[in-house]
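The structure appears below as structure tokens.
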Ligand code: UT7
């Protein structure tokens, strides 16, 4: 019998420095009202002197504790902000968590990274290549934002969220009921750091090319369309209707995007988990951080039907679904 992957633990980490909209409006031509009304974001956390791996280790340790586990067979880190261009961040995280010499690698799917990471973990479990996998979404966007660009600086935050997946039989609580993943590389320029890769290694004297850039308007449109289509495909795979979804946990880019996707799906707006008000857009970390918030707030309880959907640079997208198990968010 093919094993499925089930959620066994959930952990998070946030840097200590809280950055309010008010603080940003002191240095940028922006204001709290614009940021809140256009995005739903009220604050975010930015790390000072903390690397992505530091947050990943903390979230990973919390997820292992939540799962009551001190060993896994594999570590996957989804990130757009690795500690170094080379090597990957995951082996360092695995080593610092005391997980021995397990396979460890990064997933680069920008804001869809956590869902891609879950799918990689589930595939390894289904192929009997691992029985327990730690999947971490971790980001320090504060290190790649152009401090003078009001269209990106007000949106992104740092943080990490992690999940332990275990092999289980079909129907097990927390079992992932399938994945829908996709990409469209013809839209790669919509979200891009132009320099620093093999295409353009150095910035030729203009530092602008080394910063994260995003064309907000088209990204918004594609995010709504792709997340809606992908979540619909997942509902069909899971055999659920939109009306039976207890919580829609989408990538926390913009509250208006999540409301539009929920609308398109037919999921009621009070079933949408909102977390960007607290942490901003934390890219690959946003879905596990939102799940943990929902558990901590007492909204998400065992037995709830949860639909996940993400969209990010690449462009990439992905969805999954599960019935919530009895796991603490630490
Ligand atoms: O996480 C990966 C996926 N990312 C996303 O899904 C993000 C998708 N995009 C968005 O969420 C939105 O497009 C943004 C929040 C980025 C921007 O919101 P928008 O409603 O699309 O604004 P806009 O870019 O069309 O700009 C409208 C106006 C412009 O001024 P003019 O040209 O109308 O005079 C901007 O210059 O708002 C201005 N603006 C700002 N004003 C105050 C842009 N950023 C700001 C700002 N404060 N921070």
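Glycine residues also receive a Cβ, built from the backbone N, Cα and C atoms like all the rest.
Please treat TrEMBL annotations as automatic predictions, because they have not gone through curation.
The model shown is predicted, which means the values in this text are computed figures rather than measured ones.
In TrEMBL this protein carries:
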ACT_SITE  111  active site
ACT_SITE  251  active site
ACT_SITE  281  active site
DOMAIN    105-185  domain 'Beta-ketoacyl-[acyl-carrier-protein] synthase III N-terminal'
DOMAIN    235-324  domain 'Beta-ketoacyl-[acyl-carrier-protein] synthase III C-terminal'
REGION    252-256  region 'ACP-binding'
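Sequence features annotated in TrEMBL and their locations in the structure.
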| residue | record | Cβ neighbours (10 Å) |
| --- | --- | --- |
| 111 | active site | 33 |
| 251 | active site | 31 |
| 281 | active site | 26 |
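Restricting the average to the domain 'Beta-ketoacyl-[acyl-carrier-protein] synthase III N-terminal' (105-185) gives a pLDDT of 98. Cα to Cα, residue 281 (active site) and residue 111 (active site) are separated by 9 Å. For the pair residue 111 (active site) and residue 251 (active site), the Cα-Cα distance reads 7 Å. Under the DSSP three-state reduction, residue 111 (active site) is assigned to helix. Among residues of the same chain six or more beyond the region 'ACP-binding' (252-256), those with a C-beta under 8 A of the stretch's C-beta atoms are 38-40, 111, 155, 220, 223, 274-277, 279-282, 286-287, 289-290, 311. In the three-state DSSP scheme, residue 281 (active site) is classed as strand. Counting residues of the region 'ACP-binding' (252-256) by DSSP class, helix then strand then coil, yields 2 helix, 0 strand, 3 coil.
Note: the domain 'Beta-ketoacyl-[acyl-carrier-protein] synthase III N-terminal' (105-185) comprises 25 helix, 33 strand, 23 coil (DSSP; helix = H, G, I, strand = E, B).
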